[in-house]
Structures are given as C-alpha cells and as structure tokens.
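Structure, as structure tokens:
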Amino acid sequence: RTPSPFLQNRFPCQPPTGTGVVPPQVQDPAFALVEFQKVARGSRVPKFDLATNLVGQPLVRQQVMKGLREFLENPNPVKPLVMSFHGSTGTGKTYVSSMLIRYLFQKGLQSPYVHHFSPIVHFPHAELIEQYKESLKRWIQGNLTICGRSAFLFDEMDKMHPGLIDVIIPFLGPSWVVYGTNYRKAIFIFISNAGGEQINNVTLALWRARKDREEISLQDLEPAISKAVFENPQSGFWKSGIINEHLIDFVVPFLPLKHHHVKQCVISELVQQGLEVRPGVVQEVADSIPYFPEEEKLFSSTGCKTVASRISFFF
C-alpha cells in the first residue's frame, strides 16, 4: 500500500501565536499538509479512499472533501474547521472521521494531538455538568496551546447533556486570539445518530417520488436535520450558541444504505479479513441483515455495522 501524501508531507506542529517555546514533545511533525498539486495528479488522499471505500454516500464525499480541501490549502484560516456528521447506525460516520484522522495525523487516533470525547465515558452525570464544562474548556485550551493543529472528536452528540458543549464556543469562532492563543487551525468533528430517522424518512419519501438517492441534495435534508437535532430538548445541540452563531461549517448527512451497498461492505470486509470472496457468501450475509420499511425492504436497518460479525457464520 502506497503511503499517503498526508504522511509524507507533514508540517511541524508549531505553537500558536503567543504561546512561547514549543515543548520537546511537539517538535516532531504531527499534522500533515496536503500538496494539492499531487492531489490533482491522483495521489492517494482522503478523496481516493472516500470514493472507493465509503459506499453509498455521495453527499459525504462532496461535503467532507470540500471542507477539508478549503481548510488545508488555506495557510491562515479565518476559523477552525467544524463539521457535524448525522445519520443512523452503520452508515459510515465513525469510519469517515477515523479515516480523516489517520490521514492527517501520523499516529492516527493514537496521536497525542487527537482528542476523542464520549458523553457516556467522559460526561456521564448530569449533576456534574458545571464541573464538566470547566474541565472540557481547560482541556481544549491546554492542548491547543501545546499544538494549534489538533483535532477534537465529539461522539454521540445526541447523548450529550444540553448546554455542556457551549463551553467550547470561544474555540470555534473567527476570533484571532482566544485566551491569549490563536486556535484557528484546529479541527472539530461532531458525530450523532440524531437526525438519522428523519434522513431515512426523507430518503424514502424521495424514492417513492422517483428521485434516486444519488440525486438527493443537502437542501432536501437540511430542514429535517435541523428540526431533529437542533430543536430537540434531548440533543446536545439544543438551544446551543454553536447553532445560533452558525459556527458549524458543514452539516454532513449520511444516507441509509441499500442492499447493493451492504454487499459492497461484505466484499470489502472479506478482503480485509483475507477471506475468499464467494458470491454466494456475499449474498447470504447481505440477505441476513434486516431491511426497512417492512414492505419494500429498501434500506439496511443497521447499515454495515453488523457485517463483520455476521461473516463468521457463513465460513
């Protein structure tokens, strides 16, 4: 496998404005710069992987690559890159975020400059929300002071306590300096199942109106996502200033997957496990997954999430 240009063309993680000397542990390059001339010549970059390994998500390829390209080719971005991924289970949200991190950071998710938060693990108790706010603010501020080119992933935003996430608002906007530090080169990714049901319903309605899923636009889905995610009292974004101040650059919807998409996932998983790709096995694994709605059975109820665990039953 040819090494990614992201890993070949890293640029140093330098301290943001006003932070003084770089600590020894961040002298080594950590965050990778894309050489867009090489991208144009077809080098192995996220677009290539998204196009080949991410199945059935044309909107994701468009939105994520647009956001990433614009951000990385700008030496002085006006604000951090902020993306919010929405969709039901197994549609590729975690895969896409993990893939981007692996390409951008030499050690991938194990990089000291990548920070992954889960509300169940890190913020489990509602009564401690004020304590969580202070801890989260100090964690982000401290780590961005060490390395302005850091990434922060917030998983399961639909389970985040409402109001907690607003503590990071100062780090997301176009301010040149926050708490004495320039944070405009960071990346923030929010991941949520919220809006998944609404995305599925809109996709189904458009299919019944004879509109192919590849023709679905962001404008078709935005109203449903907005209502389900940003106006839901149970959502981490409920009444959030992040929404009111328009700090999210890209809202990225993940569509439900059809039977032929699941078959693609099965083939990919067989190859990854070093197993023979037998058409009969591919068909059986794909058929074993539940689909909805009950009559048409168009879309996988679990996306590709259970594909890996099901394969062992057919060998």
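Every residue, even glycine, has its Cβ placed from backbone N, Cα and C.
The annotation ATP binding site is assigned in TrEMBL to G87, S88, T89, G90, T91, G92, K93, T94. Feature annotation from TrEMBL assigns domain 'Torsin-1A C-terminal' to 257-314.
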Does T91 (ATP binding site) have same-chain partners at least 6 apart in sequence with Cβ under 8 Å from its own Cβ, and which are they?
Q57, G196, F254, L255, P256, L257, G303, C304
Suppose we draw a 10 Å sphere around the Cβ of T94 (ATP binding site). How many other Cβ atoms does it contain, all chains included?
15
Validating a neighbour-count step here. Other CB atoms within 10 A of the CB of K93 (ATP binding site): how many?
25
List the residues in the vicinity of the ATP site, defined as same-chain residues other than G87, S88, T89, G90, T91, G92, K93, T94 with C-beta within 8 angstroms of the site's C-beta centre.
N193, G196, F254, G303, K305
In the chain carrying G87 (ATP binding site), residues 6 or more apart in sequence that have Cβ under 8 angstroms from it:
K93, N193, G195, G196, I199, P253, F254, L255, P256
Fewest neighbouring Cβ atoms within 10 Å: which of the binding-site residues S88, T89?
T89
Within 10 Å of the Cβ of G92 (ATP binding site), how many other Cβ atoms can be counted across all chains shown?
25
Summarise the domain 'Torsin-1A C-terminal' (257-314) by DSSP state, stating how many residues are helix, strand and coil.
31 helix, 5 strand, 22 coil
